[in-house]
Amino acid sequence: MRFSFLADRTTEVPALAPNHPCRRACSRYGAYAAHHVITSLLVSSAVAAILIYPFPFLYSSDFINGASNLPHHVWTLAQPLDKPDAEPDVVMRSIWVHGNYMRALDREILLGALHLQDELLGPTDYFDPRSPNAKVLLQDPKGVDLAPEVRDAFHVVNGLTNQSWFFQSPLQYWSCSADLINADHHIVATVNERKNQPTSVNVTLRHSIVFSGKRFEDRRLLAADALVITLIHCRDSPVGLQWERKAAALATQMTDKWTIYPADGRSVSSQLYEFQFRPMSVQDKVILGLAYVLAILYFLVSMSKLRAVKSKLGLFVTVWVQIVMSILSSFTICAIFNVDLSRIPQPAYPLVVLSMSLENIFRLINAVIATPSENSTSSRIGYAFGETAHVAFISSTQNVLILWGLAKVASPGVSAFCTFAAIGIIFDFFYLSTFFLSVLGVDVRRTELSDALEKASSPSSSRLDRHRSDSTPCPSWTEAMFQGKVAMSTRIAGTVIMINFVLVAQWHFFEDASVFRVIGSFFNIPENSSALQKWKESLPVEIHQARSPMSWLRMQDHDTAREVINVIKPWAHSYVAQVYEPIVFVLRGADRTPGNQERYLLPAVYDFLDHHLTRFFVTVLFILAGLRLLMNYLLWEEDAESQPAPYGSDDEPLMSVNSLTGGHDLDVVLLTATVKGHIVSVGLDRTIRLWNVRSGTKKYTLTEIASPHHDPFPILACAIDDNCHWLALLSPGRVQLWNLYSQQWAPSIPVDTNGQKPQAFFFGLPSSHPVPPLLVVRRSGLATRLTAQDRGSTDFVICKSPLVSAEPLVTIAEDSRSLELSILTASRKGCIHVATHHGHGDWTSEALGDTLEHHDASQVVPLPDLDCFLIARQSSVDLMDGKRNYLIHTFHTQPIRPRTLRYFHSARRKPQCSSVGLRWFGLAYDHAETGDCIIQTYTPTVEGDLICFRDPAIPPSQTCCDWSETDVAERKIVNPGTWMALPNGSVVGVRQNIPPSRPPSRDWFSGHPGLRRRIYEPHKSEWKPKWPDTWEVWVAMQSGRGEIYETAPLDADNDSGNHLMVSGLGPMVQAGTSSVVVGFGNILKLITVGHERFELGRTSARGEEVLNLGSRRRRPGNAASKSRANSRP
């Protein structure tokens, strides 16, 4: 059967549509948690601290009264046995002695109980049953009271026979002596001091077996409701016969002092109980060990597939911290509500939570990796959480319901385990939604995870493209399951492990039964047997017992069971006791009205609240404060709480517009900028201004600092080197150099430009000299290399035809140890030349006409991050290799207006073929006929693959996508004005918007669902239809598979009087990786898309792309807008 047939019929949770309310709500929450990492982390840490801090106070390893018992490496059980034909190993008979409610430790009650004990067993003061002569012949035990020496001879301490017996009594704290009881003025203190006192058979007199209805404070017994005296004997023991006969006699002899239940003193009803203490076997240890090994292997393999080298340790610690917090939180809740977890071995508890937690965690991490890396941190995590949260929630809910159902029908120990697992799954989902989500946001924000994701190739589980899939045989269902491609190995894996473990645990308590009986035990609960129901109905109600006998039996800890087993059945791990209904003695005239309502929670909880509450709050506050300081240290570069909401919220604009005023009196005609935030502007007022938008320092005029040696005007071109140290101003006869750091003029370099603007003017590669060389490319095809150290120049010819385009290209040399500079040119004749520098001042120029079919090139565009360049033609664009100058691919386009081609692409990745790979690549240009801006975006056909730049001789890998196999998305921007493509994947433009005779309708977007509707609409009071010159900024993004379009007004109200009347825009240049600056009359407009971090930008030579749209600053002002690609408001 084919895999595709089965894949369509799995029980996988269906993916929600992006506009589904649940998914949108989860996405908003995920983005909020990732954005407000400190808040979400503090909330989760506060919950964890509140639940984990009380853990050592609520659990006890030595069975201190009032606290829960920690599980050990044993299986324990105390439950009714539904086997009428079973042969009991021992018989248990008991009397319960009551006085006033919760006053069983009164001296009068103790002495009365001692008298009843002596009547039933004979004298027991200073009881020591060890006898040198253990063999005693008893002729007729019936109807005859046993002499003390005869009675003691049958004691189990003298040898185990079918007539053996022993007893447990709280009176043994005082050696069953009335004199010691009368002399004791601190009875409660004595009871607490001797709680671990052993009897003659080494059975500890724990409070749980000699008292009933106990009240504790600070882990010390304060009061008890009943004294419990228990006789344990074998079937043929004469002591048991004497107990039965004497109890019936006491019913008639003690009526003046005691009220007896049953009235005749005969305990007829009985119930078989099974007590188990079964240490973990070698088989149990092997199975649990194998389960943990498989879970750890799954974790390590899943971690290795992430390829997040920097974050492996951080993710490893985060995952295990979340699991530990879930487990300890569940333990605390179970202790508070008195759920006994001591019946299942300790190593079993983390297993179910571990299996469920890893499943949800890696589903979320893989979803984050699958999101486009160019998106913001908050939007990536929000999208991933919205995509996976419903799956985790449904899986958790499903497992909780299954565990709830199993807890109703399973044995008590397994039922408690199911309760623990259900609570652990709930806490795991809570910590996944808060703690893990926030830590993941911190990792991505600090680039510990995002750097690795940027450089990682597509997941190894990516599918083959559609052409290769046709020739590849379809995997079998079994292979697909082990590869994690079907639901059996993902969503329901934890459920299968959980149910299997519950069945195994249930089987442990029915070890001698068949599989069918173990399964049938879920539907045949022993507590519903007729004998037990009859026992329930016969219990006295009017005496208000603080604890019922059945509840008292279940409270017996496993160490008591172990000690009793060692006495009566030392070779076994369990015993069956025939437990008779206790005979209850209530002191006549005793007030049995409960004075206070019985507390519902574990006594240790109230002790913790009474004695540790202050330290608890101080500790929690200290933890939160320390965590807050740690987060401040980790996020010292940016306050996570002060960051704006992630993109996607309706109140946060994508772009911001700032005005740089006061620099010029006349129009700005020349601009240049650096990646570090320096902007140089030249105006018609013959002033040269330098702005530092990164540090916010005040602008200055170069001539105000120091006068140049020569008049720099008119300035034909300007350039700044890649290290942002030098500014070069090209004049008709020389080049003036200005040091940006020392703010001084350097000696000028003479050069003859014939008074014409050059085709290109830029700095060369850094050298050993302080000032890098300069290159001037003239429109005639002649180039000049200028050196500042000797003020010399070297001319070389690139092309003999006049040039229309010239650009520098920096590539990595073949030895990968240095950089190489090339000059790309296109001439009026359409020929392409590449001039390469070979050192020692030698330049060679190579024509590419022989390798290209057409000669209509109008522009060359370098792609320095990809070691490639573009050649723009009339209706196509050639992608060329920048090292060997061969054609990689030809893009078919609409008619291109000359010199308008721009590009943008995703971060460079390394596919499996070890070449260069991209998630998406984009071209933008003006249509030659309509003037519209056309944006074409290329993405792989199969999501997760990479567009590959490999050499044609290299075979493709499974994740490589050829250019011919890409999908093309095209959009059109009407009336684009002046625009520029930015490295972050956005296209920014400024246009003159002539408004219609009436305001634009808000219903314009009615036919465009799914896009963010943010068209700038002036207020009715601001609408001025006669005003002809309104300028607006637009930004379009079509990176990957997402689309964004927004507009905003360029000129704010408070800036309208700060600049000259503008009839046309000035120059526009890129500033940083997310900003452009444009001349707007005599002022500058700085337009930022997202958040600009100038210190992390890339130079024009070679650098790393930074994508940080989601961490932009919040700026008040006009709302931005968004529309479809093929329209303009």
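Each residue, glycine too, has its Cβ placed from N, Cα and C.
Predicted automatically and left uncurated, TrEMBL annotations should be read as such.
Annotation source TrEMBL lists compositional bias 'Polar residues' at 1120-1129.
Here TrEMBL flags 284-442 as domain 'SSD'.
Residues or ranges marked as region 'Disordered' in TrEMBL: 1107-1129.
Residue counts for the repeat 'WD' (679-701) under DSSP, split into helix (H, G, I), strand (E, B) and coil, are 0 helix, 12 strand, 11 coil. Here TrEMBL flags 679-701 as repeat 'WD'.
According to TrEMBL, the transmembrane segment annotation covers 33-55 (among others).
Look at TrEMBL and you will find 286-303 (among others) tagged as transmembrane segment.
Long-range contacts of the transmembrane segment (315-339) within its own chain (CB-CB distance under 8 A, at least 6 residues past either end) are made by residues 47-48, 51-52, 54-55, 58-59, 67-68, 299, 303, 306, 308, 349-350, 353-354, 357-358, 361, 365, 416, 419-421, 423-424, 427-428, 431-432, 435-436, 439-440, 443, 449, 601-602, 604-605. Feature annotation from TrEMBL assigns transmembrane segment to 315-339 (among others).
TrEMBL lists 351-369 (among others) with the feature transmembrane segment.
The transmembrane segment feature in TrEMBL is assigned to 381-407 (among others).
Look at TrEMBL and you will find 413-440 (among others) tagged as transmembrane segment. Through the fold, the transmembrane segment (413-440) approaches residues 29-30, 33-34, 37-38, 40-41, 43-45, 47-48, 75-77, 314, 318-319, 321-323, 325-327, 329-331, 333-334, 339-341, 343-344, 348-349, 352-353, 356-357, 360-361, 364-365, 368, 381, 385, 389, 392-393, 396, 399-400, 403-404, 406-407, 449, 498, 502, 505-506, 509 of its own chain, all at least 6 residues removed from its boundaries and within a Cβ separation under 8 Å.
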Practice problem: Please work out the mean pLDDT for the residues of the domain 'SSD' (284-442). | Solution: 81
Quiz prompt | Cβ-Cβ under 8 Å with the transmembrane segment (286-303): same-chain residues at least 6 beyond its ends | solution = 280, 312, 315-316, 319, 345, 347-348, 351, 354-355, 358, 362, 497, 504
